[in-house]
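Worksheet: one structure, shown below.
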Amino acid sequence: LSFGAFSVRFGVFAAFSARPLESRALKGLGARCSGSSSALGSILGIPAEKPACALGQHPPPVATSKEEQKWLLRDRPDQPQNPKVLRIAIIGAPNAGKSTLSNQLLGRKVFPVSKKVHTTRCKAQGVVTFEDTQLVILDTPGLTSPLKAKRHKLEEAMLTDPWDSMKHADLVLVLVDVSDHWTRNCLSQEVLKCLSEFPHVPSVLVLNKVDLLKKKYILLELVTELTEGIVNGKKLEVRSPFKHNLSSSAKTVLKNTQASPPENRAHESPCLQETVKTQEGSGLDSSGDTRASERGVVTEAQGPKPHECRDLKNRKGWPRFQEIFMLAALTGEEVHTLKRYLLMQAKPGPWEFHSGVLTSQSPQEICDNIIREKILEYLPLEVPYGVTQVTELWEEGPSGELLIVQNLVVPRKSHMMMLIGKRGTVISRIAQEAGQDLMNAFLCDVRLKLKVEVKS
């Protein structure tokens, strides 16, 4: 059975997704992400600054042929005069939003994203090139235990890839889904094991999905728990007079007991810069009406303590985070602040990839992953995990369009009927949405045809 042939002219597609990553421009990279641009700015009610120039540029498309992509990966990188590079590992529990954040940082969707866990099955690299700086993003599967891997019949790579990425990382982003009230109050044992195994790798805490959190004051409580009260070597202490009314709408205010000189603030975390600003007596908004009087976070110098090496089973957070960022990866809110910080952390060194490379994946891998993402979205329970994808045709058409025919093999007839849907509605929708994503990745016309059959 054949369903879901899909094609859209490039002119229509360009209006749909060919846009720069940032809708707002950013000030020069030399400026530290502080004040109203900091992670806590939105919580404190500080209006966001409107930067002057766009950060980044249109990312390059992915090559449509495997040979061209291999040539780009083998080709000697085009080195600028003073190249800088930063390798970033993104780790976290399954479904925390790692691939969504990676796509936002890249400016083009090349990693699969789904509400179901274990969408990412193996590590892949994404490349952000901006001026003389290159960021290499290591998108990894969610950290899971061997017991869960055996239960869900996961590949061995899903256990080893996050650890391998940490070995080559210059910095690690630890992603936490703050909308999940079951897991947000502590880091998973797998994440803590990974961090404790590589304590020399600088780590940054990223609180994701903050747009789904109605009670924003919870974010400060989560920061205290997930950092064990220590950020960037400084001790945090949250105190509030609203002990009997935690749902109070009072504004959150920060306070710092040891204000550092202005010339030293460029090395502090965004959160701590807010505390310094408040301690000096400046208002939290432009009119200066709000003062540090309702709730505060007190910071003081704090070095590594012996308790950092205690049993991980009794630990909920990690006291060595250097920075904290709060964002919504799905909508792109505050992702530019994180991206600017990452570009600033890059160290002098040769580029690893040509500036025309966006990802280390082959075009076929991207296609398979995007189609599998749609199958995960539209099929229930364990059904998507039994689908086998076989690419029957991959070639350039007479007008330069990319022709793709893929066969979806399922183990049961009932699965085939679910995948096809009534009058072919499900398979047609999968083909349409996957085709749009593929055009976004390749920046060319795509004619995608999906076929479904039962495994013989």
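Heads up, the Cβ atoms here are built off N, Cα and C, so glycines get one too.
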Annotated region 'G4' segment (source TrEMBL; candidates 112-115, 188-191, 208-211): 208-211
Whole-number mean of pLDDT values that fall within the region 'G4' (208-211): 95
Tally of DSSP helical, extended and coil residues in the region 'G4' (208-211): 2 helix, 1 strand, 1 coil
